[in-house]
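> Submitted below is the structure of interest, expressed as structure tokens.
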Ligand code: IVH
């Protein structure tokens, strides 16, 4: 590429024209079709080049320049469907050992002796798109995508066109309600034929069968879906009324009898050896199966045991994905880019010569941090081995040093932020370099805003990453509260959103509407949206349930005294770190967040704009332990510690790790020591496991 300063006016005209067309195309692919063909970094490079050209030749800036535009019109129009029973994901096991651990964990949780048989049903894990289809009195009435697990998109019309799905169940005595869940997929041969048809017409070519299935299903025009070779398998359930499965195997047989397709490649395993045998068999036949799989799903067959095992965060304790070893490839490392995240962490990203791994073209991979680069001794120009496992981000495994260019030099990790120039620091014991610019670093600020509006946080539709960047650049949105004052400021201002390039009266109003629709939010989502380091969705939910309101949480944090030694002994601190998985590291981050004056300004400003609701509590109408704080100590034999805890939480109790004046009940098994003594000293109610078991058994 030529230096801009050396370009003639003629050359500049030609290049601006070409870049504008190219960027326009990528905008549409990204925003409207959800199918970008270049990386964000490559896109940014094109855009930077255009901006630089326009700066040099201001009079050549086109009125419709992509540099002034924020996004192409989005494909909207799918209604939302709330899942009565959430659609969960699965934890992974990557080998026999991790699989054995999963089974051992389930046994421990259920307090099952080692020698009893725990039947496991194994089925292929298809790499497609999960759906939930609802039948009422045997008639198909609605279907939805998984979405965020709580709420998906209404794809009734689209799924109805998939020939595998019966419009009516094959029975004269259907259940009143049947929500069946499964996977929509495309066979490899159908995928290849579809792609060659499309490319012959100069149309869109899909990267892999999964993308093709997803793109075909999420069509606003169901006629297009109907023209695509989609298939499906059913494997799970949501709401049921009028039918209760006893085993997973029995469930699959029943689905089959109703005319719902079930993957015939399923197998009931009685031992771990059976599981390994079946895994090896399917792995060996993987290429012969007509569809892509990325492993097996292993499920506890007995549904009563599944119910007892329940869920942790987003995944069931009774099922796991056993992933197959991933595919590998070799390619050259072109450059290492340092990206800045929302917490200021500098992450090195490898830019690679594009290579196909596991059916997907890979041109980027994360290098994690400075130590990883040093461990691999990876240098620009190196030939590297990389792997891609299922949906996991591609990973660099090693360097082929024999093929290293003679003049290569070790990579020097920068000690300043590449985005804002502020000093970067690496604290003792930490792996990451962090930009110290805080919110004065534009990249950190925009990344936090992007997180704030993202799907599991405020979920503001139509306010995507590119919009945030553009609004940030023009100082329209610099802080979270600015989002909620955008409309009022727009009404008062002369330069209106509707007059911006790429916007109009309708799209501006639509954005204001979708912002206003989010002025009410539950506390868990709100806490997650704040982007406090270490506070993910599960932790946010725990905090929200435990403290109930933002005020209570902040009061608690404010009551923790200043210096560390004192803080660590305070009641508030001990309660906080006693909440399930919230340890000292999370507590420290919460405290740091609460003590930063700027954050308090943001919280105050937000509270003036929005309403924060408590999280929906579990149904505890029949619970005598709702709201009570319970401590478990000693050995629990009847249900095991984890099951007892889960049961208590489900009944609305709080579970703490240490006994204090706030403890309502201590459940003590044999071997209980200091906690029991403390409880006696404080006069807290104490009961043994049997009494607790009887107490909670009557509540459900
Ligand atoms: S069971 C709580 N069974 O894998 C039960 N999932 O990583 C969760 N998947 O979202 C799902 N084949 O889209 C189950 N035989 C199978 C599956 C399967 C593919 C997908 C599904 C799910 C994801 C979880």
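From the backbone N, Cα and C atoms, a Cβ is placed for every residue, glycine too.
Copying in the features that TrEMBL gives for the protein in this structure:
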{"type": "BINDING", "residues": "40, 41, 42, 43, 44, 89, 90, 123, 146, 183, 299, 323", "note": "NAD(+) binding site"}
{"type": "ACT_SITE", "residues": "125", "note": "active site, N6-AMP-lysine intermediate"}
{"type": "BINDING", "residues": "417, 420, 441", "note": "Zn(2+) binding site"}
{"type": "DOMAIN", "residues": "620-700", "note": "domain 'BRCT'"}
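In the displayed structure, how are the listed features positioned relative to their neighbours?
Under the DSSP three-state reduction, residue 42 (NAD(+) binding site) is assigned to helix.
Other C-beta atoms found within 10 angstroms of the C-beta of residue 125 (active site, N6-AMP-lysine intermediate) number 24, with every protein chain shown included.
Sequence-distant contacts of residue 441 (Zn(2+) binding site), defined as residues of its own chain at least six apart whose C-beta falls under 8 angstroms from its C-beta, comprise 340, 344, 417, 419, 420, 422, 435.
Along the domain 'BRCT' (620-700), the predicted structure has mean pLDDT 84.
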> List every residue in the same chain as residue 90 (NAD(+) binding site), at least 6 positions away in sequence, whose Cβ is under 8 Å from its Cβ.
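Sequence-distant Cβ neighbours: 297, 315, 316, 319, 320, 321.
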> Through the lens of DSSP with three states only, how would you label residue 146 (NAD(+) binding site)?
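Reduced to three states, the DSSP call for residue 146 (NAD(+) binding site) is coil.
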> Out of 146, 299, which of these binding-site residues shows the lowest number of other CB atoms within 10 Å of its CB?
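The binding-site residues 146, 299 were compared, and 146 has the fewest Cβ atoms within 10 Å.
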> Near ligand 1, which of the recorded positions show up if the criterion is a Cβ under 6 Å from one of its atoms? Options: 90, 125, 299.
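Once distances to ligand 1 are taken from each Cβ, 90, 125 fall under 6 Å.
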> For the Zn(2+) site (417, 420, 441), what does the 8 A shell look like? I mean other same-chain residues with CB within 8 A of the CB centroid.
340, 344, 418, 419, 421, 422, 435, 437, 440, 442, 443, 444
> Relative to the Cβ position of residue 420 (Zn(2+) binding site), how many further Cβ atoms are located within 10 Å?
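There are 18 of them.
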> Between the two most separated Cα atoms in 40, 41, 42, 43, 44, 89, 90, 123, 146, 183, 299, 323, the residues recorded as binding NAD(+), what distance in Å do you get?
44
